[in-house]
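Taken straight from Swiss-Prot:
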{"type": "REPEAT", "residues": "151-172", "note": "repeat 'LRR 6'"}
{"type": "MOD_RES", "residues": "Ser234", "note": "phosphoserine"}
{"type": "REGION", "residues": "282-314", "note": "region 'Disordered'"}
{"type": "COMPBIAS", "residues": "291-314", "note": "compositional bias 'Basic and acidic residues'"}
{"type": "MOD_RES", "residues": "Ser604", "note": "phosphoserine"}
{"type": "REGION", "residues": "642-665", "note": "region 'Disordered'"}
{"type": "MOTIF", "residues": "661-664", "note": "motif 'PTAP motif 2'"}
Amino acid sequence: MPLFFRKRKPSEEARKRLEYQMCLAKEAGADDILDISKCELSEIPFGAFATCKVLQKKVLIVHTNHLTSLLPKSCSLLSLATIKVLDLHDNQLTALPDDLGQLTALQVLNVERNQLMQLPRSIGNLTQLQTLNVKDNKLKELPDTVGELRSLRTLNISGNEIQRLPQMLAHVRTLEMLSLDASAMVYPPREVCGAGTAAILQFLCKESGLEYYPPSQYLLPILEQDGIENSRDSPDGPTDRFSREELEWQNRFSDYEKRKEQKMLEKLEFERRLELGQREHTQLLQQSSSQKDEILQTVKEEQSRLEQGLSEHQRHLNAERQRLQEQLKQTEQNISSRIQKLLQDNQRQKKSSEILKSLENERIRMEQLMSITQEETESLRRRDVASAMQQMLTESCKNRLIQMAYESQRQNLVQQACSSMAEMDERFQQILSWQQMDQNKAISQILQESAMQKAAFEALQVKKDLMHRQIRSQIKLIETELLQLTQLELKRKSLDTESLQEMISEQRWALSSLLQQLLKEKQQREEELREILTELEAKSETRQENYWLIQYQRLLNQKPLSLKLQEEGMERQLVALLEELSAEHYLPIFAHHRLSLDLLSQMSPGDLAKVGVSEAGLQHEILRRVQELLDAARIQPELKPPMGEVVTPTAPQEPPESVRPSAPPAELEVQASECVVCLEREAQMIFLNCGHVCCCQQCCQPLRTCPLCRQDIAQRLRIYHSS
């Protein structure tokens, strides 16, 4: 049994019944009965004890509750001293109070269907007790004090675990009815117990050495004595008083039965009205149910139609999503291959020692070229060289003007659209005339100013430099790749797919690192060219007239390396092949070893490694492309030029169809990468170190962190989109 338990809270109906019964017992003219049965009580309330004590109640009915004890705390059993009938059946009592003998007026005690383990010994003090019902409990024995119940007439102990009766029960001479389980009895024997109450009492009297007398001889004196005690103030005899009392009790019980019958009639009337209301309610429910079924059927049809449309739309979305995922996957593969190729090219340029040798040779050659002869001075085409210098400076200036005009043109596009065509033509004519005047003036000024000639030569030298040109092309390619990677990342976020997000981030960081390295190499190469120019200026004859014009003319007339190699005997297709594979720095090696397409077709990757081509991927690619060119030449012999023929420089061949294009799909290429801040202008700035291309030039100025990845911005790099 748990030490702590929560009291069961009575229902609302039980609480109302308890209040009604308590009020009914307190009314004027109420009978001596207090009925608090079926109120779901876990203990008898204090008010019931007070009512019994103050109003001298004689009957207390507390059956069919949840009582676990008869006497709650702060209550005394003396408050029930006037009680004659105590009905406690159908509860959960485990024991009766030890001072139960204080209820000296008690005549009827009913504790049927409880959980009593034993009876208190003080029960022998209930000298007026006539009926004791302890049926269906857990009693194992009766106390010896039961023999002191001299007025007991009815005793019911069936439904218990009692196997022996106390011998003291023979002293109860008034016992008329004894109910027990004869089959379970040991003492008296079951045969005696099955013979009836008289046989049991005779057996007990014989065992106790007493003479048996029937109860009728002892019952009348007991009743007379009870009558005397109960009518002390009555002048009549005991028989009259007993008759009057019995008549009074009969009248009270008849009144109680009448009230009970009246309540029953009211209950039947209420049930009839309730049944009528339930019928009406059932009809309304049936009507409502039919309408509800119709509405549900309509809703089901509409829902099925909506679900069908929704499933069709979902299938369409899934197909579109799958198509976009395939497209993004293909784009990622293309970008990965291009990034791998860029990394291989960069590694190849780092490891190649021939580049350093060629740069040193080029530096020596530049110094040799800077020596000016008298013949070159006489054959100087002053006007043409000045025009070329002017054109070079003009192109540099135009590039800066175009960049400035590009930004202003985007901001003032609406205002310029409103201006008339006539004004535009007039302005253009004026600008052209001013430009022609400036050009003529600049040409005459270039012929006289050595500093401007030197600047033009420096610009042409940077433009003609092979290594600087390769770095510029790689920077432009990486800018394009970063732009496409940013578009791809934004596309993935809109599609809510994150499966390859980490791979895209790694590729972007690799490209950012490569871009920073190329920018440093570009700056370093420009510094080297300026140092060469400084050395040439220091070694030049200070009094030599038109020194920089002559150097500019030499550099302008100088043939490209690929054209020189072709004139020396290298095949045009082989030169174009190396340029296409970004392996121009191997041209001097191939020319030195006099390699041709036929020789390369007979070589292995190990032979190319011995020659100086250290990259394994490039070795296999060169051999594969050479084999494709020879196979095409066998089908069309006129494609292969004869050896020794001097081939005029032409544009490089188109790449074979087998080469997978590195550009992204057309659908992704035409999409404009808009600024993620203003969502209006095109993205123009690269943020380093993260590599995102997500902002225009106006919006990036106040930013300190990247809007996409929240990384700190270490450097901003402007890119120009080709129109």
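Glycine residues also receive a Cβ, built from the backbone N, Cα and C atoms like all the rest.
In the predicted model, residues of the motif 'PTAP motif 2' (661-664) average a pLDDT of 41. Note on the region 'Disordered' (282-314): DSSP counts are 33 helix, 0 strand, 0 coil.
Mapped onto DSSP helix, strand and coil, the repeat 'LRR 6' (151-172) counts 5 helix, 4 strand, 13 coil.
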